[in-house]
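Shown next, in structure tokens, is the structure this report addresses.
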Amino acid sequence: MSAPSAPSAPAESAAAESELLAPAAGQRPLGQTPSQSRFQVDLVAEAAGTTEDKSPSSDASSAATSSDKATPGGQSAEPAAGEEEAKGRFRVVNFADPSGASNAGSPEAAPADGHQNGDTVMSETSLHSSTGGQHHYHYDTQTNTYYLRTFGHNTIDAVPNIDFYRQTAAPLGEKLIRPTLSELHDELDKEPFEDGFANGDELTPAEEAAAKEAAESKGVVKFGWIKGVLVRCMLNIWGVMLFIRMSWIVGQAGIGLACLIVAMATVVTTITGLSTSAIATNGFVRGGGAYYLISRSLGPEFGGSIGLIFAFANAVAVAMYVVGFAETVVELLADADALMTDNVNDIRIIGTITIILLLGISVAGMEWEAKAQIFLLVVLITAIFNYFIGSFISMKSKESYGFYGYDATIMWENMSPDFRDGETFFSVFAIFFPAATGILAGANISGDLADPQLAIPRGTLLAILITGIVYLGVAVSTGSCLVRDASGNGNDTLTSQFQANCTEASCKFGYDFSSCVNDKDGCRYGLHNDFQAMSMASAFGPIITAGIFSATLSSALASLVSAPKVFQALCKDNIYPGLGIFAKGYGKNNEPLRGYILTFCIALAFILIAQLNAIAPIISNFFLASYALINFSVFHASLANSPGWRPSFKYYNMWVSLAGAILCCVVMFVINWWAALLTNVIVMGLYIYVSYKKPDVNWGSSTQALTYHQALTHTLYLSGVEDHIKNFRPQCLVMTGYPNSRPALLDLVHSFTKNVGLMICGHIRTGYRRPNFKDLATEQSRYQRWLMKNQTKGFYTPVFAEDMRQGTQYLLQAAGLGRLKPNTLVLGFKNDWRDGDMMNVETYISMIHDAFDFQFGSVILRLQEGLDVSHIQGQDELLSSQEKSSGMKDVIVSIDTSKDSDADSSKQSSKATSLQNSPAIQKDDDDDGKAPTQPLLKKDKRSPTVPLNVSDQRLLEASQQFQKKQGKGTVDVWWLFDDGGLTLLIPYLLTNKKRWKDCKIRVFIGGKINRIDHDRRAMATLLSKFRIDFSDITVLGDINTKPKKEHTAAFEEMIEPYRLKEDDMEQEAAEELKNNEPWRITDNELELYRTKTNRQIRLNELLKEHSSTAALIVMSLPLARKGAVSSALYMAWLEVLSKDLPPMLLVRGNHQSVLTFYS
């Protein structure tokens, strides 16, 4: 097993060769030549030494690394023979030394943390590098002797590894990137793909910053669950209430209700603790505490609003605790007659000095702060034990103050409530509940915990348990040994004549305090009257005072640390613009010094006000709002049933969490109803603001998961419901090509489908190149984002196909989901049909026939200027207008003389084709979400641009006409044939929109000259039954009048090149020509449809006469019988019908009713 002491000659030569071929540490290996594939793997002999050692373990021993000798930063020393390296992307092992030279086979060389698998030794240390996982080197298997090995085979297929699943180069390890599917599956002669992250793994700026900090931070102080969570939570929960209010609560509510109050508060905090544990164990937790947990669960809207008020509440809580401390000190000074000025100013002076000292401890670092917390906890626990010990020591001197030691009579008397001074159960509960808060003290410093997933559940829940037991113990103890009223006067003893009438518990011990009870000033001592009753009952009173100091200072210190940490996490995510300056951290622990200063200023301002009675209930409500949302987060995530919701902490229930959220909201109103209302208003205000700003983050929140779940559920439900005429919606498949190629078509269809029906932008990709399906998927997501940024409510669906017709058939059959499927095909008119290959016209007309075959309606939009602006705009306009990074140069507008066909939604100019594979197109920019919608054509101020010719200028203006508000024009509806009502429904929907609401609908119908009035009245009745407003109805009695001769002649001249003229040739030749060119018009066909041809020409004359000034013409699309009318003749009909007119929509429904007048 061990390597030979003296390497053989072949081994020496192999080692030497290895040293020549292996790059020095820190250098980039030689890249591949263009002719070589990055992933070509050759089976080569492992040097000459393969015959020397054929044992099964030889490869394993030779592959052992020297990573155990690596530097702490993870950079290995000079790689020797047999050393492994991980250069960012793949695990690369040098197998050039099979004999085990360089002590590779010695036991000392085996890595301590490595795990051996076959002939590949994986070492945790070797996977770390100082590059942060961002540099990916290319290895070539021909020029460098690097072999990628899995299970002993030459392959780049990787085994499961935790480093593939990391989001950043976090403290736990470096992010590695597994081989992509394309790298494993594509042919070897293809170009290697650019390195990139897998779907959903793109780093946000905040995550990149975290990665950088993680890579740079060394020697960071991290806390375990006791020091980091348990101690903090216990100190924060055990507040001043324990020593100065608990006895009063027992006096008011009695032992029974006091225990109920403690139990209710503990139930709320326990449920919240369980919910916190569930969220904290559902993935890696970074700094930010409650904000991080809520924002990553419910999204930035709730997280951002809660994060801000939670940080503010913690900052003001510092002031509240410091003032509590200062008040206690001032009381002591007053007792000693040592006041400096007066009560209020003394509180301000002592509070200011105290908070400056606390700030010094916090700024000194988390380690010092943790030490201070441990010291304060020791003092606090000593004070608690001091009270319990004292409660067992009954002293004669304390009896007049109402303390008699444990007694059943006292306990029974104090068992029932005795509310005084207008107090009620809920008012007493409102006073106690703030004492139960503070359970998030540990979670708030989640970034400073060694293992937040373990520490937060264990520390938080144990702290709730311990503090709850202590609160219950104090409630029972004080109620069992202290009476409610005592005078403090030792002379108030019971005389023998009144002993029979005395029923108080104190009577048993010979005291009668009825004199002070009946006095107008009342008694000064006892549970009801003396806030320092526990101090009096304790073994040594000053220790209780020290405990009060400890409780206030520890809570103040915890809040002073929590507020900046939460605020820093909030600022790093850049949810609120302008707060980024507080995101910067200093030192090895990334301390938020600027946040400390801000917290200090806020706390100092409230200390100087010294009027915290009004602000205290708002703070409690802010904390409760956070608790409510944490509980709701767990319920929401469970309800969404996302596969990503799988917390390792299993002791939670979605309904219990919902009950916890409701309880928190109820408690908010119980404590203070106006503060609860104010809290809700602030939260909703911040929520609306963040929703409006739409921060560019994607945290995979449960809101997204629930949206998907609801969409899926409703889609399935909808599929089980039969369609009804009243619910018909035009669901349009719009053949736009790239969505920004035909803006007029997109804008017009979006005008009548927005918030009404479905719009799918279909794009058929054809071409001579092999289809690149990866590019198709990339473009799909890119252009979908483009639609969203332009506030266009639609979907972009590209397909690869042999030709346009096949692609359209694919889309007609497969686009949509369930009931959310298109029912109307929308095309742009083919303006250039006479200029190109007539087979394109055959394809175009076949698309319309296919739509009717699939029972679709058909709509064709014609603008005289055309629709396709891609030759002006260029496909790079997408990047220039929406996704341009700061480093990318502005795109220069250029003109492509080979203008694309308006009808062809897939053909691209050569420029556009070349751009498809450019790195700029493939680069996925992180900043695309923040770019505002830009104008259609963007000119570079620094670079000269090609001036647009007149026709292109007109085309550009026409393409934008539907983006503007339409004036007081008309929408002329030429409803010549009943297609089910789609021809009428579309203009109605259009004129309901804001841009078109000033336009009036005019209806034109065909009729007989002698029945014009009758037909007008019949149509008016029908429209009124449909509840469609109209301004005028015109009955055209002269549709069948022959058109003008010059117009007929112009038509004949137009179709002349496309006629078959079979009468002038042999029958066989004519048939052959017709088979080869099926679009040709036969003489028989022309004669057969002469009347229909004349009607189209005549309708154009009437359109020019009546509708030349309309904002939009909507007209029944003429039908051509499939197989009987050639595509050239049909195209000629459409051409002559819509020539020289305003924007025209030719509409033909599928002859199923889409309008009804029944309710």
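Glycine is treated like the rest: Cβ placed from N, Cα and C.
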Range among 424-443, 844-863 that TrEMBL annotates as transmembrane segment:
424-443
Look up transmembrane segment in TrEMBL and report which of 455-474, 1115-1134 it refers to.
455-474
Between 221-241, 347-367, which stretch does TrEMBL give the note transmembrane segment?
347-367
Pairs of Cβ atoms less than 8 Å apart decide it: which stretch in 255-285, 306-327, 455-474, 539-563, 651-675 has the most with the transmembrane segment (424-443)?
255-285
Contact between the transmembrane segment (347-367) and the transmembrane segment (618-639) (at least 3 Cβ pairs under 8 Å, separation 6+):
no
Contact yes or no, the transmembrane segment (374-393) and the transmembrane segment (618-639), 3+ Cβ pairs under 8 Å, gap 6+:
no
Can you check how the pLDDT averages out over the domain 'Amino acid permease/ SLC12A' (228-733)?
85
Run the contact check on the transmembrane segment (651-675) against the transmembrane segment (306-327): 3 or more C-beta pairs under 8 Å, excluding pairs closer than 6 in sequence.
no
Could you check whether the transmembrane segment (255-285) and the transmembrane segment (618-639) come into contact, where contact means at least 3 Cβ pairs under 8 Å with the two residues of each pair 6 or more apart in sequence?
yes
Who are the chain neighbours of the transmembrane segment (618-639) in space, where the CB to CB distance is under 8 Å and they lie at least 6 residues beyond its ends?
268-269, 271-272, 275-276, 278-279, 282, 290, 293-294, 297-298, 302, 306, 309-310, 312-313, 316-317, 320, 433-434, 437, 439-440, 645, 652, 654-655, 657-658, 660-661, 664-665, 667-668, 671-672, 675-676, 678-680, 683, 702-703, 705-706, 709
